[in-house]
Each structure stands twice: as structure tokens, then as C-alpha cells.
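Please read the structure below before turning to the comments.
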């Protein structure tokens, strides 16, 4: 059984285990309250009796001015129940803490897998063979290839973000300094991107937000620099 399968099985069993332990805690609490109520009533009666003995001046018999063995035993029994409640609460804490530690390990392994998949997806579109192939196919083919890879990378990043926030734990994923950058903003690829249809464009790829796009443009699309060059040539 893999680590993830083992973690999932343990996690699925956790609610039933916690329910049983909380039910036992409630039973212990009720038993403790009943025992304390009974002990308080007994002690009040015995204190009233001791007050009458003291008033009567019959203090030579010390057994008459102390709590009975039954009252003392009830107090000890209450203490044992309280100790059992504390021990059970500690078991619940350790159980949940153990699952949190397992979750940390699972997220770490999952994060490492996402890093490898994201790195493989990002390096694919910038290889020389595929880049030359995209230019041979034309602008539309380049856009589809880049968008598919960008979508895969974006999905991987989103999954990593979602997985890292369920137990309020932040996992910092540093940006690879060797990752290629694009667009006017000179940032790495993220979200949806569009390619300039000028095969000689120096930048080539642009983030939607940086060029004022909300959806994939229809037909050919040129960045502002290439559009300006086309207008100058047209003059």
C-alpha cells in the first residue's frame, strides 16, 4: 500500500474513532458530575453533623469531627474519573496531531510531484525542436500549443495551492530562477497567454492581462510593438 493510500485509509477511519472517544468523554463527564453531586450532598450532611458535635462540646472523639470513609472514597473516585478524562483527551489530541503530521508529509510529497510535472510542462514549449515546428505550422498552431501547456501548468499550480491550504498550513513554492520569462512584464508563464503572430516578434508570448485581453482573440493577433512596425511599413 502506498503512502497516499495508507493516509487515506487512516483519515477515513478518523471520524468514527473520534466519535467513540468523544462519546466516552461525555459518559465520563456525566459520571463525574453525578459522583460529585452525591459527594457534595454527603459532605454537607457530615459537616452539619460535625457542627452539632462541636457545639455540644463532644470533641474528644475525633472520629465524629472528620469526614467518613465513604465520603473520602467518593472524592477519590471523582479524582480517578477526572484523571481518566484527561488521559482520554490527551489520546484524542495525539491522534489528531498524528494525522496532521501525516498530512504534512503527504502535502510535501504531493508538492514535489507537482514541481516535477510543472517543470516538465514548462520546459516543453521552449525546446528548439518544438519552437521551430511551431513557426513552421504558423501562428494559430503556436497559440494552441502554448495555451495547452499553459493550462496544464496553471492547473498544476492551482492544485498545489488548494492542497496546501486545507489544514491552514502555507507551503512556499519558490520560483525556479532558470524558468524562462515572457511578456512585457518579463515574468514566467501563468494563466492564459497569447502568442504574437509575427514570427519575428522578440517577445512572442504575452499574458492576457498585460495586453488587455479577456479571451482568446479570433484570427491573427499582433502585440503593440509588432502592430506599430506593421503600420510604419505600411506608410
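Note: Cβ is positioned from N, Cα and C throughout, glycine not excepted.
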Under TrEMBL, which of the candidate ranges 59-88, 89-118, 119-148 is annotated region 'Disordered'?
-> 119-148
Spatially closest candidate among 197, 205, 223, 226, the listed recorded positions, to residue 183 (Zn(2+) 1 binding site) (Cα to Cα) = 205
Setting 196, 201, 223, 226 aside, what same-chain residues sit with their Cβ within 8 Å of the center of the Cβ atoms that define the Zn(2+) 2 site, listed in sequence order?
-> 197, 198, 202, 203, 204, 206, 222, 224, 225, 227
Same chain, |i - j| six or more, Cβ under 8 Å of residue 185 (Zn(2+) 1 binding site); the result in sequence order is 207, 210
Rounded Cα distance in angstrom between residue 197 (site 'Histone H3K4me3 binding') and residue 205 (site 'Histone H3K4me3 binding') is 10
Same-chain, non-site residues whose Cβ lies within 8 A of the 183, 185, 207, 210 Cβ center for Zn(2+) 1 are 182, 184, 186, 187, 206, 209, 211
How long is the line from the C-alpha of residue 193 (site 'Histone H3K4me3 binding') to the C-alpha of residue 223 (Zn(2+) 2 binding site), rounded to the nearest angstrom?
-> 12
